[in-house]
Amino acid sequence: MMNKKQTTAAVQTMMEEFPDAKSELNADSNFHFLLAVILSAQATDKSVNKVTPALFERYVDPESLAQAESSEVEDYIKNIGLYKNKARYLIACAQKLVTDFYGVVPQTLSELTSLPGVGRKTADVVLGDCFGVPAIAVDTHVTRISKRLRIVDPKDTPHEIEKILMKKLPQSMWIRAHHTMIFWGRYRCTARKPRCATCPLLKQCREGQTRVKS
Ligand code: SF4
């Protein structure tokens, strides 16, 4: 299992390969970013970015979205998976923002996760990207990489992975580490065809060495 020093060094190596890693979701306000992150669950950022310009233009703030009908919102997002549920969540989320938070996206984990459609991962992404609050959101890429590199145990849950990464990485790296690990998972250590032969972490990665040999 990688210790603190090895984990930090591994993430620094990833940062060298992807120095500009950041969210690939487009949004012009915290409210719209929150909507985009909700929409991105089990969908690619690219597919979300295709539908959000029209959605954001129609619903500029929580007040306008809070009054929308589900069918109307569905029309804007129907090319995204789970769009019916997501349309309901978006409207309910906007309604709660209006009734409980004066229409402003809150800045704490407990307040954010009180919003419909907002789980811990979504809240962590919003905290880091909108407010600079140190957080590590654990998605499918972060999970896969943490396990392949033996930073965590194979049976660890996303919440356990989050806690371990927070222990093994300095807080100053958390937000950037999250984005960097996502880029690493998208463009280097992909689920099906990781590019192990040229990977700068091959020496530290038993899974990569096995893949290269076979
Ligand atoms: Fe991923 Fe392969 Fe690199 Fe290991 S060696 S981190 S499996 S790309």
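Each residue, glycine too, has its Cβ placed from N, Cα and C.
Since the structure is predicted, the reported quantities are computational estimates derived from the model, not experimental observations.
Annotated domain 'HhH-GPD' per TrEMBL: 39-187, in sequence order. For the domain 'HhH-GPD' (39-187), the predicted model reports an average pLDDT of 97.
The [4Fe-4S] cluster binding site annotation in TrEMBL covers Cys189, Cys196, Cys199, Cys205. Listed in sequence order, Arg148, Leu149, Cys196, Cys199 are the same-chain residues six or more apart from Cys205 ([4Fe-4S] cluster binding site) with CB atoms under 8 A from its CB.
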>> What does the DSSP secondary structure composition of the domain 'HhH-GPD' (39-187) look like, as residue counts for helix, strand and coil?
In response: 100 helix, 0 strand, 49 coil
> Between the binding-site residues Cys189, Cys196, Cys199, whose Cβ has more other Cβ atoms within 10 Å than any of the rest?
Replying inline: Cys189
